[in-house]
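Student: Attaching a single structure in structure tokens format; questions to follow.
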Amino acid sequence: MTLKDIPFWRVLLIFQTARVYAGFGDPREAITMIHQQHGKPCDCAGGYVNAAPTVYLAAVSCSSHTAYQPSDSLKWRCVSNPTLANGENIGNCPCKTFKESVHSSCYTAYQECFFGNKTYYTAILASNRAPTIGTSNVPTVLGNTHNLLSAGCTGNVGQPICWNPKAPVHISDGGGPQDKAREIAVQKRLEEIHKSLFPELRYHPLALPKARGKEKIDAQTFNLLTATYSLLNKSNPNLANECWLCLPSGNPIPLAIPSNDSFLGSNLSCPIIPPLLVQPLEFMNLINASCFYSPFQNNSFDVDVGLVEFANCSTTLNISHSLCAPNSSVFVCGNNKAYTYLPSNWTGTCVLATLLPDIDIVPGDAPVPVPAIDHYLHRARRAVQFIPLLVGLGITTAVSTGTAGLGYSITQYTKLSRQLISDVQAISSTIQDLQDQVDSLAEVVLQNRRGLDLLTAEQGGICLALQEKCCFYANKSGIVRDKIKRLQEDLEKRRKEIIDNPFWTGLHGLLPYLLPLLGPLFCLLLLITFGPLIFNKIITFVKQQIDAIQAKPIQVHYHRLEQEDNGGVYLRVS
């Protein structure tokens, strides 16, 4: 049978047939919706809580806090890490026994103390917690050397507890001071290796960002934005037609997605950077996750990078030598720290990942809160809906099927990852400089009583400040540098028109503040003017009704009873 022999209506029916998924819709769209609504781990969409959840699926360190994904919710909940209390040294330790490690969820603040010429940590115990084996609070089978031992805390609640400042190998205190000390030790060791390999000491942007003027954007930041937009334009041109690319202020935490690159680079030309904090995503959804494991030798030369607690390692490769990540990838290890190089004496568990910048997208047709006359009318501003970069690129629907499922060439993602590895710290300083300008402008805003949300500089606008993010406008031609400047000019034009209008400048500039009160005042005036008249009308009407009821005669209807004389005999007694 040929195509000509098939009736036309059958061919039309075949092309009109839609794909169904057992009546539940496309599961990839559900994954995209979950990421868009619940955000990234460090966004803390589930809010901050006082204690870590009893059972959680994954934990991600976010510098000042730790994000947990509980089993009863898809939103990440965050717990602030303990801080060093005021008066960091209290002298002699108030304890007679000292523990090896104490989990950070068991106290809120800690101090240093001394005992026997040694330094220890001490805190007031707030709760008890049993130590666990595994990647979460759910214990796994003992004997698995790849599992992470999470420290516990036992004692009398409300009493002081003391412990060593250095934790044993492969034991985590949940982002507390012991984990911080481990990270500092690893960073110092990598810096020593870097100095031995490069005696002339070439400063990496991660270690020393370039100096630049406060009013100018750094070249690395602009190049990263351009590369991100180019990738977005090729993978999702409809979204990239007109949009805002928003970078968070402060220290950026790049996104880490699984990488299937099995080729490891040569150690001779391996770039060495300090540990980089990242946000691992999609590792829990990955079916076949390959991990690298190096056992510890139980000596002082071990470089403990920790064990991953955000991935299900289905395959574990035992490593006994140094490792160099491919040019566009990193090793993500314990406390979600990323490394490009692992020395020969490293110990822990790591996964290979590709980095993407922590950029959110605002569609061009979405209203952004640019201040204008709305400020004077005191209109409530609508919240800006940000689209995560992974959703915009379509990565959330493809990672679970492997890199072959990515819509665009994987080489483009690796190029962006390679550039991000080199420039992330320079970008951090740039956005921090811009945030400093926003903070300094806040005082001007309060003094001039104007809602100035646009970031201004001597040479023109840089970015639009939206919810602690620095947003850059882009269209078909790429990143538009003068977009904010044009918005500022339009805004200034509107303000001049308002200032020149005597209606707004009356009463020595107090009229804009009196306008919100005009409505209630007008209603009150109407009530005072017409209120008594309406009240008298109501009283008169009620009185008339009562008088009418009282004046109306009461009619009683009755019938006269009939009398019958039967002519009976009566006995009369005298």
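Backbone N, Cα and C atoms are what each Cβ position is placed from, and that goes for glycine too.
What Swiss-Prot lists as coiled coil is 407-457, 467-503, and the listing cites sequence analysis. If you look up Swiss-Prot, you'll see CYS243-CYS246, CYS463-CYS470 marked as disulfide bond, on the strength of similarity to another entry. The region 'Immunosuppression' annotation in Swiss-Prot covers 446-462. Among the features that Swiss-Prot reports, motif 'CXXC' is placed at 243-246. The feature signal peptide is assigned by Swiss-Prot to 1-22, with sequence analysis given as support. The topological domain 'Extracellular' annotation in Swiss-Prot covers 23-514. Among the features that Swiss-Prot reports, topological domain 'Cytoplasmic' is placed at 536-574, with the record citing sequence analysis. The transmembrane segment annotation in Swiss-Prot covers 515-535, and the record cites sequence analysis as its basis.
Thinking about packing and proximity, how do these listed features fit into the structure?
Tutor: Under 8 Å, Cβ to Cβ, and six or more positions away along its own chain, CYS246 (disulfide bond) finds ILE359, ASP360, ILE361, VAL362, PHE386, LEU466, LYS469, CYS470, CYS471, PHE472. DSSP assigns CYS246 (disulfide bond) to a strand.
Taking all protein chains in view, 26 other C-beta atoms sit within 10 angstroms of the C-beta of CYS470 (disulfide bond).
Mean model confidence for the motif 'CXXC' (243-246) is a pLDDT of 84.
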Student: Using C-alpha atoms only, work out the spacing between CYS243 (disulfide bond) and CYS463 (disulfide bond) and round it to an integer in Å.
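Tutor: Counting only the Cα atoms, the answer is 13 Å.
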Student: Secondary structure at CYS470 (disulfide bond) (DSSP, helix/strand/coil)?
Tutor: strand
